[in-house]
Amino acid sequence: MTDVLAATTTSTAHVDAHAASDHIATPLTDARSQLAEAVSLLGYADGLHQMLATPRRELSVAVPLRMDSGESRLYLGYRVQHNFSRGPAKGGLRYAPNVNLDEVRALAMWMTWKCALLDVPYGGAKGGLAIDPREHSTAELERVTRRYTSEILPIIGPERDIPAPDIGTDEQTMAWMMDTYSVNSGYTVPGIVTGKPISLGGSQGRASATSRGVTHIALAALRHVGLDPARSTAAVQGFGKVGADAARFLSEAGVRVTAVSDQYGAVVNTAGLDIEALSDHVRATGSVIGFAGGEPLDGADLLTQDVDLLVPAAVEGVLHDGNAGDVQAAVIVEGANGPTTPAADRILRERGVLVVPDILANAGGVIVSYFEWVQANQAYWWRADEVESRLEERMLSAWQHVLGYARARDLSLRTAATALAVERVAEAHRLRGLYP
Ligand SMILES: NC(=O)C1=CN([C@@H]2O[C@H](COP(=O)(O)OP(=O)(O)OC[C@H]3O[C@@H](n4cnc5c(N)ncnc54)[C@H](OP(=O)(O)O)[C@@H]3O)[C@@H](O)[C@H]2O)C=CC1
Ligand SMILES: O=C(O)CCC(=O)C(=O)O
């Protein structure tokens with residue numbers, strides 16, 4: 001049998017659950033390492049492990065773009081459908097210059113576990129386009145989005161695979177995707193994407209859902225370790241769709257947010273940042289840099305600030321064996337997907353830092369995406385307070401479930417969450433007869 005666990009496009013290294021360090025870590029090796037640990041705990045055979053580790057379908061596309069200048073460019077794009085055993089594939093679309101197939105494979109696998117853990121009836125998928133959206137006009141982004149959508153059209157659909165926003169994409173991107181798909185179908189198909197504008201059938205509360213979920217979990221986790229949120233401090237890495245609203249909601253809940261960062265650097269104010277004023281500054285300048293209500297800070301130093309809570313809400317692999325020993329926070333709540341490598345996880349656990357894993361902490365987005373899909377399919381929309389109370393109920397019940405499973409078996413929250421999710425996906429395979 002081919003060892004699919006070792007086959008990657010950018011790395012041939014097979015990393016098991018006990019990899020010694022981060023020297024060869026990538027998001028895909030991290031995701032596979034986490035799966036391997038769950039599989040070993042659950043005692044599954046190699047064949048089932050390989051099925052769970054391998055995307056069911058992958059599409060690589062070359063996407064031409066006519067620039068406003070008349071010049072032509074070509075961008076590489078991907079859509080990876082990791083699993084469909086519990087329902088249609090579901091997951092975001094990322095626009096970033098360093099996107100590659102292995103990264104999208106990892107993100108798609110994490111989507112499968114996230115949907116299973118939160119018990120939303122989806123499998124996992126992710127898309128990516130290796131483009132820097134900041135370098136393009138709105139017209140260029142519209143053209144490249146429409147062309148990317150046309151290229152992946154044969155494998156997406158409201159019953160097959162439903163994209164949503166991720167890094168570098170937003171509700172406008174989703175509106176163009178929905179329109180391209182609908183024009184091709186001959187009628188409007190609002191269920192093809194989630195994270196759409198509300199006026200096009202989007203859901204109340206989707207834009208801020210990931211951040212609300214992160215906040216519910218962060219407050220619960222702080223209380224769990226005996227900290228009063230109203231007397232706690234936090235640092236947030238990333239000030240985009242997830243990070244900015246997480247900082248705002250935390251601050252509204254009484255947490256003193258003392259440091260935030262973006263890809264250009266960080267700002268700190270130990271008395272607490274004024275998040276609303278900072279958001280105005282970012283809207284006006286495009287970065288947290290230069291905010292008058294704080295002092296400049298090196299972006300890397302944000303992760304080791306003397307705070308109670310750290311929310312990485314940017315990219316993968318930022319907490320690694322080179323800095324995990326210096327983290328001062330008591331609690332890490334992963335707003336981003338894959339911010340902590342397995343080596344960092346081990347160091348943090350040894351040091352008694354509570355890490356709430358991505359597949360639980362940032363699941364608010366896909367939960368409200370599910371609500372949006374349900375609403376769009378029924379053409380019946382819910383009030384914002386209904387969306388938010390259902391989101392909170394699902395997040396806190398998953399938190400209790402993961403916590404109970406972890407405590408009963410003396411596991412980290414990540415291993416517990418992954419094992420719970422993997423068990424549900426494996427059970428679906430077994431019941432459908434895909435695997436004994
Ligand atoms: N959007 C969603 O609903 C969900 C997102 N996620 C995950 O959350 C994370 C953030 O996504 P989202 O907020 O949507 O993306 P955005 O593109 O809206 O924001 C990303 C933010 O991260 C910042 N950033 C990028 N690289 C770095 C870096 N090296 N150090 C510090 N900051 C950096 C960006 O900086 P700058 O502004 O300068 O570009 C930006 O502020 C991703 O991991 C994503 O997969 C998870 C679940 C759902
Ligand atoms: O809302 C969704 O469908 C997926 C969001 C996403 O990409 C994620 O949770 O990582």
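Quick reminder: no glycine exception, Cβ is built from N, Cα and C everywhere.
According to TrEMBL:
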- K90, K114, S369: substrate binding site (BINDING)
- K126: active site, proton donor (ACT_SITE)
- D166: site 'Important for catalysis' (SITE)
- T210: NAD(+) binding site (BINDING)
*Taking the recorded substrate site as K90, K114, S369, identify the other residues of that chain whose CB atom sits within 8 Å of the mean position of the site's CB atoms, giving them in sequence order.*
G91, M111, C115, V120, Y122, G124, A164, A363, G365, V366, I367, Y370
*Check each residue in the chain of the residue listed as 'active site, proton donor' that is at least six apart in sequence and keep those whose C-beta is under 8 Å from its C-beta; list them in sequence order.*
R79, V80, H82, G91, G92, L93, R94, V104, L107, A108, M111, D166
_Neighbourhood of K90 (substrate binding site) by C-beta distance under 8 A, where only residues 6 or more apart in the same chain count_ = M111, C115, V120, Y122, G123, G124, A125, D161, I162, A164, V366, S369, Y370
*asked:* To the nearest Å, how far is the Cα of T210 (NAD(+) binding site) from the Cα of K114 (substrate binding site)?
replied: 12
*asked:* Running a distance check here. Ligand 2 versus the recorded positions K90, D166, T210: which have CB less than 6 Å from one of its atoms?
replied: K90, D166
*Under a threshold of 6 Å between Cβ and any atom of ligand 1, which of the recorded positions K90, K126, D166, T210, S369 are retained?*
D166, T210
_For K114 (substrate binding site), nearby residues of its own chain (Cβ under 8 Å, 6 or more apart in sequence)_ = G124, D358, I359, L360, N362, A363, V366, A421
